[in-house]
Amino acid sequence: MAILIDKNTKVICQGFTGGQGTFHSEQALAYGTQLVGGVSPNKGGTTHLGLPVFNTVREAVENTGVTATVIYVPASFCKDAIIEAIDAGIQLIVCITEGIPTLDMLKVKQKLNETGVVMIGPNCPGVITPDECKIGIMPAHIHKKGKVGIVSRSGTLTYEAVKQTTDEGFGQSTCVGIGGDPIPGSSFIDILERFQQDPETEAIVMIGEIGGSAEEEAAIFIKDNVTKPVVAYIAGITAPKGKRMGHAGAIISGGKGTAVEKIAALEAAGVTCVKSLAEIGEALRKLLKSSKN
């Protein structure tokens with residue numbers, strides 16, 4: 001099962017012939033992802049990496065039956081690229097690009113809400129279902145097929161959680177980087193709900209950070225809806241108020257969005273919060289052992 005993507009997912013790349021699109025498409029193909037082509041305006045009719053290039057997403061859909069796209073285009077063009085994909089009937093959009101203007105994302109978010117299309121990102125590492133499909137920039141070799149679902153606002157912190165779950169022998173069902181921007185395509189709740197419904201996912205790792213209220217909202221959802229064990233890590237416990245810490249969304253404003261508040265909300269919902277990333281594997285081991293007893 002897994003969530004969002006599997007071995008049957010057909011993918012195209014928008015920004016296919018650019019430097020980033022080329023490199024990460026090569027990596028995806030090497031992993032076994034069903035990348036069936038790409039889109040680069042004015043280059044339709046040519047081939048790249050042995051795959052067809054189309055001028056528009058609609059042409060790609062009509063010719064390949066693709067259902068997912070990954071976007072590697074500059075921030076100023078992302079809104080149009082995302083909306084083009086939605087209008088063409090793509091069901092899953094993964095946008096890696098950082099720095100999309102907030103007003104552009106507001107328009108995108110409205111379109112997503114109107115159509116029900118799923119978007120992961122922007123400013124994210126992407127999605128991977130180990131040994132089946134990789135859409136994004138994550139290092140493939142640290143992943144192992146297994147039973148832990150991982151959802152995170154951070155890219156590199158996700159990789160640490162992945163490495164620990166691999167080393168512990170648990171592996172991952174699917175790993176989703178929802179991104180660190182203030183307006184994400186998908187929230188923690190969207191992904192937690194999918195993991196709760198997925199029979200292959202036995203436990204969940206959630207990695208949050210300061211800023212916004214996504215973790216507090218997730219805590220309410222977990223308390224009422226999630227029966228599987230959840231381990232969480234919140235980055236930024238020492239962050240000063242009013243200073244952006246890496247991601248655009250990682251800022252404590254008006255005294256809200258602190259790590260302490262988020263940890264308290266999650267613990268009140270029954271989530272096991274670890275103080276260090278290094279403790280994720282051990283915490284999972286204890287939770288999974290106790291859940292079987």
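Glycine residues also receive a Cβ, built from the backbone N, Cα and C atoms like all the rest.
A quick note: this is a predicted structure, and the numbers were derived from the prediction, not measured.
Same-site candidate for CoA binding, as annotated by Swiss-Prot with THR17, GLY18, GLY19, GLN20, ILE96, THR97, GLU98, chosen from LYS43, LYS134, LYS144, LYS145: LYS43. The binding residues for CoA are recorded as THR17, GLY18, GLY19, GLN20, LYS43, ILE96, THR97, GLU98; their greatest pairwise CA distance is 25 Å. Annotated pair THR97 (CoA binding site) and TYR159 (substrate binding site), C-alpha to C-alpha distance, rounded: 18 Å. Of all the binding-site residues listed here (GLY18, GLY19), the one with the fewest other CB atoms within 10 A of its own CB is GLY19. When the C-alpha distances from TYR159 (substrate binding site) to the binding-site residues THR17, GLY18, LYS43, ILE96, GLU98 are tabulated, the minimum falls on ILE96.
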